[in-house]
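One structure is given below, encoded as structure tokens.
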Amino acid sequence: MKVQIVSDKQAGGQAGFRVFEDALQNGAKVLGLATGSTPVTIYEQLAASDLDFSQLTSVNLDEYVGLNADHPQSYHYFMQEHLFNAKPFAHSYVPDGADLDAAKATSEYDQIIAENPIDLQLLGLGKNGHIGFNEPGTDPDSTTHKVMLTDSTIDANARFFDNADEVPRYAYSMGIGSILKAKQILIVAYGEAKAAAVAAMIQGPVTPDVPASYLQTHPNVTVILDEAAASQLD
Ligand code: F6R
């Protein structure tokens, strides 16, 4: 794993932007994207750049089950707001949260990933070491699957909804196996709250207790951290 430490989220946005720029220069055609607060500064840089995505494909990590693409808390909507309005791709795929037939929705998404092998996958890191919605205990060979959200994730997300009952209980997520198939992975983490997960991801044993630790088995991973997130590394 190549670890790069930056001063803050803005510098992380620039460093992440350069990883995307290099990948595009090296011929990347399919970009794997994430939502959440971490990628926002990278998307700001990409949106403001003169990079052209109009011939490229994007494939997102995950989506809530039960939210339509036009729901303001859907990950579809997030991507539209933060990147796609400014930089349309030829094709952008996000799991179809409106499709309540999980077997169909997840197998269709696996088919999309198989037809569009990901050149560069961007990831954020959960405080408990999750990547995508792959919580501790997820099978490392997992493909796209339906996930029951943990109480802590539901609580963390409740602030975005009018009341806690509206927070989706399930999501569709690419699996750890799907993520590890990407040719290159960029994972980014900021802040003290991520420090323990960062240390476990990079220096701990490879274990289902820390889904991000499986990234140690991938040959091309770049990690961008601020100093607080790097503070528990030896
Ligand atoms: C987002 C995703 C999640 C987040 C992670 C970190 O698509 O799959 O794994 O990357 O929960 O979230 P933030 O960036 O909000 O701290």
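Every residue gets a Cβ built from N, Cα and C, even glycine.
A TrEMBL annotation is a machine prediction, not a hand-curated record.
Given the structure is predicted, the values throughout are model-derived calculations rather than measurements.
Record features (TrEMBL):
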- 21-218: domain 'Glucosamine/galactosamine-6-phosphate isomerase' (DOMAIN)
- ASP62: active site, proton acceptor (ACT_SITE)
- ASN128: active site, for ring-opening step (ACT_SITE)
- HIS130: active site, proton acceptor (ACT_SITE)
- GLU135: active site, for ring-opening step (ACT_SITE)
- Note on the structure: Whole-number Å distance separating the Cα atoms of HIS130 (active site, proton acceptor) and ASP62 (active site, proton acceptor) is 13
- Item | Collapsed DSSP category at ASP62 (active site, proton acceptor) | strand
- Taking just the CA atoms, what is the gap between ASN128 (active site, for ring-opening step) and GLU135 (active site, for ring-opening step) in Å? 8
- Averaged across the domain 'Glucosamine/galactosamine-6-phosphate isomerase' (21-218), what pLDDT does the model get? Just tell me the whole number, please. 96
- Task: From the active-site residues listed here (ASP62, ASN128, GLU135), select those whose CB sits under 6 A from an atom of ligand 1.
- Result: ASP62
- Enumerate same-chain residues with a sequence separation of six or more from ASP62 (active site, proton acceptor) and a Cβ-Cβ distance below 8 A; give 'none' if the list is empty. THR35, TYR75, PRO95, GLY132, PHE133, ALA171, TYR172, SER173, MET174
- Task: For the active-site residues ASN128, HIS130, GLU135, work out the Cβ neighbour count at 10 Å and name the residue with the minimum.
- Result: ASN128
